[in-house]
Each structure stands twice: as C-alpha cells, then as structure tokens.
C-alpha cells in the first residue's frame, strides 16, 4: 500500500464541484458567475480608486486596498477553475494545481485575518487617540502592517501545504468540494494525521481566535471612548466608521470558525461547501459594497478620478 501511494502521489485529484446538469443548478451556476463578476468589478474598482486618488493614500485606505486585493484573489483562485470544469465537463485538477490552490487560499485567508486585526487597531487609534494618529498610524506603518499580513500568512500556509501534500492519499482522489480546501483534502489522507490536525488547531487559534480577542479588545476601548464623547455628531461618526469593519469581521470570522474550528467528526461535505461558498464568494462580493456605498471619501474620489465635477469643499479625508 505504501509503495502504491508513493508511486501515485502526483496523480490528479477529482473536484466534485458545486453543480450538476439540472436546470436548477444551471441557474445557480449563472448566479454564481454574476456574483463573481460583481466581486471582481467591485474590488478592482476599489483598488484603482485608492491608487489613483492621492487623498486616499492614508493608512486606513492602504489597508482597505489590501483587503480588496485579497478578496479579488480569493474569488480568482477558486471560481474560474470551478467554471472551467463545469463548462468543459471535466472535474480533474493536477496535484501541483491542487497544492497551489490550497497554498493560495490558505495564504489569503490567513492574511485577511491578520489584516482585519490591523484595521481594528487603526480604528482604535483614530477614535481613542486622534491627536496621535499621524504618529501611530502613518503611511509607513500601514505599509508595514500590509507586508506583515501577507508574509505571516504565506509562511504559515507554505508550512501547512508542504506537510499535507507529503501525506499518502488512498483510494479514489475525489474531493467533495469545488476547490482544494483543508477539510476536503485531509479526508483523503490514509495515515495518522492527529499531530497535523493539532498543528492546524494551533494555527487556527493564532489566526482566528487571537485576532478576535484583539479586535474585541480594540472595540471595548472604542466603545468606552464613544460613551464619554459629549458630541452627538462625534458619536454618530464613530459608530459609522466602525460599523463597516464590524460587519466585515462578523461575516468573515463567523464563516471561518464554522469551517475550520469544528472537529473532523462533525464535518459533512455539504456543510463545508456552504461555509466555503459564504466566505470565498459571498464575503468578497459584499466587502467592497459594505465599505464604499456610504463612504463619502470614496464617492468624492470617484468624482475626482472621473472628472465629473470640481470639488469645492475641503477634500480632507474624513473617517467613513
């Protein structure tokens, strides 16, 4: 058995996908592609606006541009391959392709967890220490936070990918998912993975639970500062600037905890697919809408970039 697994270690995997050939699934596939195009358009527009408009070159928008880039890569890592397999009638993905997809998706997920934590710190400094904001959160600090998010998550993902892909895989390599994700791939391993699953839980604590604790602590201090504000307008502005981030955090971490923090014995392929669809397709689509629809800075930037009207008021960037 060991020799058979060793010689077939680079064999292709089979992705079961999300849809079959029924009319209902054809409609769902079309809907998924529409959502994919919305996600790509929304996140691309957000990135281009922040890059093109100098008034948005602030730490908050630097981090937001990185969030949009992560969301853009998220949907681009999984949906195109799923669409190609569905339209062509093939379900295979190469060993290298599966490993690459696993690495990218895990990297992006970890990077987004870290980035959302840094974004909560940015809101904490802006509301609780506004006079020190220019010192504590300048452009260099924002860029360092972005680099730390990408680098830390990539190293973690590389370690997990190398370890997982060195395990022997037994039997038919059917992945009951539409991409190579941890819960689906690990079920194909025919060996003792107790130690590896323990390292996964440790990583989950570091990249999920610890950031949640830090984000919660930031908002405890923010809430304390807001309660002691005397200006009703200041309170409304503070709540407005935090509501977008809190919504994104709730959507993202809720889906991630559902997918990664449950014991292996309590997982089912359907539950894994539902959780993955939510944080790999729905959340990247909603994030740019949540952050930009009611954001006057972004609306003004769009007008400036497109040259539709002259901005006569002071274009100083305000908290969204």
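Just so it is clear, glycine is given a Cβ too, placed from its N, Cα and C backbone atoms.
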The annotated transmembrane segment range in TrEMBL, which must be one of 201-226, 279-304: 201-226
TrEMBL annotation (transmembrane segment) - matching range among 124-146, 147-169: 147-169
Feature transmembrane segment in TrEMBL, mapped to one of the ranges 76-98, 99-121: 99-121
Leading contact stretch, 26-49, 99-121, 201-226, 238-261 vs the transmembrane segment (147-169) - CB distance under 8 Å: 99-121
